[in-house]
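> Mind having a look at this structure? Questions to follow.
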Number of protein chains: 2
Amino acid sequence: MLEDKNPQRTNLENLGEFGLIKHLTQHFELNQPSSLTGIGDDAAVLDFKDKKTIVSTDLLVEGVHFDLSYMPLKHLGYKSVMVNLSDVYAMNANATQITVSLAVSNRFPLEALEEFYAGVALACKTYDVDLVGGDTTSSAKGMLVSVVALGMADSDDLVYRKGAKPNDLLVVTGDLGGAYLGLQVLEREKEVFKVNPNSQPDLEPYSYIVERQLKPEARKDMVELLEKLAVKPTSMIDISDGLSSEILHLCEQSEVGCNLFEDKIPLDPTVISAAEEFKMDSTMIALSGGEDYELLFTIDQNDFDKIKGNPNLTVIGHMTSKEEGAHLVTRANTKIALTAQGWNSFAE
Amino acid sequence: MLEDKNPQRTNLENLGEFGLIKHLTQHFELNQPSSLTGIGDDAAVLDFKDKKTIVSTDLLVEGVHFDLSYMPLKHLGYKSVMVNLSDVYAMNANATQITVSLAVSNRFPLEALEEFYAGVALACKTYDVDLVGGDTTSSAKGMLVSVVALGMADSDDLVYRKGAKPNDLLVVTGDLGGAYLGLQVLEREKEVFKVNPNSQPDLEPYSYIVERQLKPEARKDMVELLEKLAVKPTSMIDISDGLSSEILHLCEQSEVGCNLFEDKIPLDPTVISAAEEFKMDSTMIALSGGEDYELLFTIDQNDFDKIKGNPNLTVIGHMTSKEEGAHLVTRANTKIALTAQGWNSFAE
């Protein structure tokens with residue numbers, strides 16, 4: 001389907017572990033002033049001076065987090081980095097270094113891993129982060145990616161999940177639900193392909209949501225925008241598991257409640273039409289879909305004028321006292337309790 | 001065989017991802033002054049002040065790096081941490097934090113993961129490092145562990161693989177070959193067990209080498225000893241892949257050669273007797289066996305008096321000019337070129 005039929009195959013056994021990692025990482029440069037030494041010693045050495053160091057890590061497993069039948073390896077490399085950078089930006093910090101570890105079975109030729117690292121390299125270049133370490137090993141079955149992202153920030157700039165106060169506004173960047181619906185499109189085309197391998201899928205009408213799934217972008221630009229607008233969020237998290245779950249994290253750690261307004265949730269027109277096509281509720285998808293990698297944060301009401309009218313930022317609700325709980329206020333003006341798996345329409 | 005038959009089984013599905021990581025890490029405390037916040041936000045926040053930050057990462061895959069039929073999960077947790085701390089100590093730095101990510105199939109009950117984390121907790125306590133992050137996810141098959149270790153050091157204290165000069169002495173801590181022979185013993189008992197599940201293996205005579213395999217210790221104590229002795233190595237590496245391979249790394253990165261003396265290689269009596277039993281050459285095992293996690297370093301000849309007579313430190317050779325190459329000088333006083341897979345006895 002979307003798979004690149006690479007005619008060249010170099011067996012990994014021919015290279016050995018040291019040869020492999022050297023080969024794959026030879027063109028990566030260190031550009032961050034804080035990267036003193038990278039790959040090639042027992043460990044990397046970094047210098048964050050008087051800044052705080054930020055560390056996040058994520059594991060991506062074939063068959064659980066990605067399906068190589070429609071996820072090109074270059075995209076997988078790119079996305080693996082994004083997932084981690086997103087966590088660093090969600091601290092209102094700047095990402096500076098990553099390490100990438102890979103376990104692959106022998107069915108992967110060297111050229112496949114080169115594709116993967118091309119995606120990593122593109123992510124490094126675009127987001128100005130250095131690859132400083134990693135490990136390549138064999139696996140009995142399938143592919144597994146482990147990425148660690150490091151970043152830095154001044155103490156005063158850091159934004160945690162705790163910190164939201166009642167009456168703070170709840171704001172989200174970009175729009176939601178696209179990544180999940182993109183996955184539905186890809187899954188459907190995979191089934192069609194299984195039945196008729198000669199079918200040519202027309203993904204053009206779905207290009208926005210397919211790209212949201214295959215090539216998400218971490219919102220470094222939004223962290224920079226907030227700095228430019230002189231807005232420091234009171235709490236922040238990235239949206240990896242769906243809006244509902246992330247709101248509950250902010251509420252729990254900030255010890256507040258929340259009213260989320262259904263009619264404020266930003267949805268791309270493609271999301272709305274694809275949701276209709278799949279007979280799914282677009283609000284439900286935004287709440288539970290996940291993988292959008294947008295930022296969700298709270299701001300003091302006094303900062304509203306600073307963000308007002310910015311097309312990238314949407315106020316979707318406000319925080320309340322803890323006792324009031326976390327609710328979705330529907331278009332019909334009824335309140336439904338938010339649950340980690342999206343809202344449970346049978347709860348009330 | 002050595003497996004703990006735990007009667008209690010709690011299915012992982014019952015917990016969910018957040019519940020699982022919360023449950024597994026709830027008793028971990030932050031003790032390092034540099035650990036500002038740990039698990040529970042998008043990322044951990046650390047403060048290394050004016051120290052340099054050290055980062056190392058390793059991936060351990062079931063069936064490739066460990067076999068759960070004789071590796072108790074608690075030991076696996078401990079060893080996974082050791083492998084990474086060892087890399088940090090090999091920079092002459094102090095390890096301060098780790099992140100642990102785990103991919104497991106549903107065949108593992110919660111109690112198994114608790115065992116694993118008990119080993120991680122013991123390692124954290126013994127080596128005074130904080131667990132500050134991680135990820136738990138499912139895998140299609142088997143178990144996979146990804147650990148990242150962070151540490152810190154003053155610039156002046158850091159020791160790289162490069163830095164060895166001709167005439168420097170080559171020194172190794174502890175003794176070599178035990179971990180590899182321990183593995184041979186465990187593999188043999190596994191085969192016996194397959195044939196006769198009622199057989200009771202007597203591992204007592206092999207307890208030293210079995211422990212070297214199942215519960216290795218990273219040589220933090222040796223880094224502290226070197227500081228006490230006021231010896232700063234000119235280059236250093238940890239022995240994970242075997243003496244030969246590590247010497248070649250030092251030679252390559254320092255652009256020097258080396259004479260390694262066979263009769264100086266430190267071997268425990270258990271290693272010598274087990275090698276005889278397995279009809280293997282003990283020198284070959286020390287050169288190629290790996291997993292000993294001892295430190296290998298070079299010192300200026302002027303520092304010899306400071307380490308002389310210390311039972312933990314053995315001078316096993318000296319560095320030469322690059323042109324002379326890297327050789328093993330045998331007991332019979334012949335020179336054999338070192339290769340990454342140990343010495344090739346057919347090469348000369």
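The backbone N, Cα and C atoms fix where each Cβ goes, glycine too.
Curation plays no part in TrEMBL annotations; they are all automatic predictions.
What TrEMBL lists as domain 'PurM-like N-terminal' is B:40-152. Residues annotated as Mg(2+) 4 binding site in TrEMBL: B:ASP42, B:SER56, B:ASP87. The annotation Mg(2+) 3 binding site is assigned in TrEMBL to B:ASP42, B:ASP87, B:ASP238. Taken from TrEMBL, the feature Mg(2+) 1 binding site applies to B:THR57, B:ASP58, B:ASP135. Residues or ranges marked as Mg(2+) 2 binding site by TrEMBL: B:ASP58, B:ASP87. The substrate binding site feature in TrEMBL is assigned to B:HIS65, B:GLU291, B:TRP343. Taken from TrEMBL, the feature ATP binding site covers B:TYR117, B:GLY134, B:ASP135, B:ARG161, B:SER240. The domain 'PurM-like C-terminal' annotation in TrEMBL covers B:165-323. Among the features that TrEMBL reports, Mg(2+) 5 binding site is placed at B:ASP241.
Help me see these features in their spatial surroundings.
The average pLDDT computed over the domain 'PurM-like N-terminal' (B:40-152) stands at 93.
The Cβ of B:ASP42 (Mg(2+) 4 binding site) has no same-chain neighbour under 8 Å that is 6 or more residues away in sequence.
Within the same chain, the residues at least 6 positions away from B:ASP58 (Mg(2+) 1 binding site) whose Cβ sits under 8 Å from its Cβ are B:SER80, B:VAL83, B:ASN84, B:ASP87, B:SER146, B:VAL147, listed in sequence order.
The Cβ neighbour count for B:GLU291 (substrate binding site), using a 10 Å radius and every protein chain shown, is 21.
In the three-state DSSP scheme, B:ASP135 (Mg(2+) 1 binding site) is classed as strand.
Within 10 Å of the C-beta of B:ASP241 (Mg(2+) 5 binding site) we count 20 further C-beta atoms, all protein chains included.
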> So if the criterion is CB under 8 Å to a CB of chain A, which of the binding-site residues B:ASP42, B:SER56, B:ASP87, B:TYR117, B:GLY134, B:ARG161 qualify?
B:ASP42, B:SER56, B:ASP87, B:GLY134, B:ARG161
> Summarise the domain 'PurM-like N-terminal' (B:40-152) as counts of helix, strand and coil residues per DSSP.
35 helix, 46 strand, 32 coil
> What are the non-local neighbours of B:ASP135 (Mg(2+) 1 binding site), defined as same-chain residues 6+ apart in sequence with CB under 8 A from its CB?
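In sequence order, the residues whose Cβ lies under 8 Å from that of B:ASP135 (Mg(2+) 1 binding site) (at least 6 apart) are B:ILE21, B:SER101, B:LEU102.
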> Output the one of B:HIS65, B:ARG161 that, of all these binding-site residues, has the highest number of other Cβ atoms within 10 Å of its Cβ.
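Answer by Cβ density within 10 Å: B:ARG161.
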> Could you find out if DSSP has B:ASP241 (Mg(2+) 5 binding site) as helix, strand or coil?
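DSSP assigns B:ASP241 (Mg(2+) 5 binding site) to coil.
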> For B:ARG161 (ATP binding site), identify the closest of the binding-site residues B:SER56, B:THR57, B:HIS65, B:ASP238, B:GLU291, judging by Cα separation.
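In terms of Cα distance, B:ARG161 (ATP binding site) lies closest to B:ASP238.
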> Can you tell which of B:ASP87, B:ASP238 has the least company, meaning the fewest other C-beta atoms within 10 angstroms of its C-beta, among these binding-site residues?
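Taking B:ASP87, B:ASP238 as the binding-site residues, the minimal 10 Å Cβ count falls on B:ASP238.
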> State, in Å as a whole number, the widest CA to CA span among the ATP-binding residues B:TYR117, B:GLY134, B:ASP135, B:ARG161, B:SER240 given in the record.
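It comes out at 32 Å between the most distant Cα atoms.
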